[in-house]
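S.K.: Let me give you the structure first, and then I'll get to my questions.
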Amino acid sequence: MAGTKKVSASASSTNKSYFNLIKRMISDPAYPLPAMIALLLAEVVVNLLVIVKIKYTEIDWVAYMQEVEGVVNGTYDYMELKGDTGPLVYPAGFVYVFMGLYFLTDLGVNITRAQYIFAGLYIINLLVVFDIYRQAKRIPPYALFFMCALSYRIHSIFVLRLFNDPVAMLFLYMSVNLFMRCHWSWGCLFYSLGVSIKMNLLLFAPALLFLLVVTQGIKGTIKHLTICGLPQIILGLPFLISNPTGYIMRSFDLGRQFFYIWTVNWRLLPEEIFLNRYFQAGLLLVHVFTICLFLWFRWRRCFPSLKIQWSNKNLKQHLSPDQILFPLFTANFIGMCFSRSLHYQFYVWYFHSLHYLVWCTPYPDVVRILLLGVIEFCWNTYPSTVTSSSLLHVSHAAILIGLWLVIVKRTLQPGKHSVSTKDTSIGKVKVG
């Protein structure tokens, strides 16, 4: 009888251990690796199935190939480079990346091979993003499932549309990973390479400048800004020599108009307001104002003993994950909130950072998941409607307010760095 009780107690203890292990693998932000490995393997299968089962949709790939074919044929004047969808409007890095794809895909004809290449980019991008979240230890592993399962539009952008946006974002997340490992020079280089593919990465620039000043001092910031600038000149040199004005006007045209038919975020407005320059200027002013507010009242408080000096002597080069991710991801998110237009492929600009952002808010998990679901619904509604655009703005506003309520700051303790969050108006808030 005693032996039976011991066996029963042992079995109960074992079952409890298994239960605790499974619970930890699902909900413990410090133990994400099993979920990440499982999801990466699943994503390999999902991407292959998408390529095999779902028909490719031509949008910009042929135009990309026509644009780089002009360069292959010896044309370096940006005013002369164009495709079926219009003139070439991306910087030189785009040309080199898609020129490589041009040759890898039999002069752009082998679409299936291009899809497999982009599926590989998807997996690499997810691997880099997972590594960022592994270091951050902020979101529970089950939230990573929503990053994959809720990404119908993201799979489409990568392997069914072959846009340049995910290529640029891969370089961005690589640069963030390097910043988190204290490789600031390499991070700036990769960031610059991403900007050379698509300029939307400039939305991260205010936060990056802030982090450089904080960690490198003024002198070091000048050095790292040089690292950011030189690749733009070197990569663009053949085009700058041919027609410098044409290259700058076309590849860095911040004032070009977007088509109302493709807008995801402003369908609730009449087209005449959407195209109005005063409305667009107003959005820019609100964008800059909100960035300044977050810089002064939120990012600055991530650094309790912040001081700005000429050199980086006595400045901490190695920051906590939150001190890097919170400014960078909020800067980009603010840019998305006040963008004069968001097209469907732009979803990838902030999709993989949304999970971090919503888990920085003081909301319950069910609200966080609901926000992600509503945003996914909005981006999957085609064509966009007044309802979908309105819901997108409401979701953005809810996240932005949540980010404002929470101050992420680093608390230094003997032998370790920990991150605490404090809301000065509603007391202590535990985030994540």
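The backbone N, Cα and C atoms fix where each Cβ goes, glycine too.
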S.K.: Of the ranges 224-241, 350-367, 368-385, which one does TrEMBL list as transmembrane segment?
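M.R.: Based on what TrEMBL states, transmembrane segment spans 224-241.
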S.K.: Out of 88-105, 111-130, 224-241, 278-297, which stretch touches the transmembrane segment (31-52) the most, going by CB pairs under 8 Å?
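M.R.: If we count Cβ pairs closer than 8 Å to the transmembrane segment (31-52), 111-130 scores highest.
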S.K.: Report, as numbers and ranges, which residues of the same chain sit near the transmembrane segment (278-297): CB under 8 Å and 6 or more residues beyond its ends.
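M.R.: Contacts with the transmembrane segment (278-297): 206, 210, 269, 327, 330-331, 334-335, 337-340, 400, 403-404.
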S.K.: Six or more residues out from either end of the transmembrane segment (224-241), which same-chain residues have a Cβ under 8 Å from its Cβ atoms?
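M.R.: Residues 76-78, 91-93, 96, 184-185, 188-189, 191-193, 195-196, 209, 212, 216, 247, 251.
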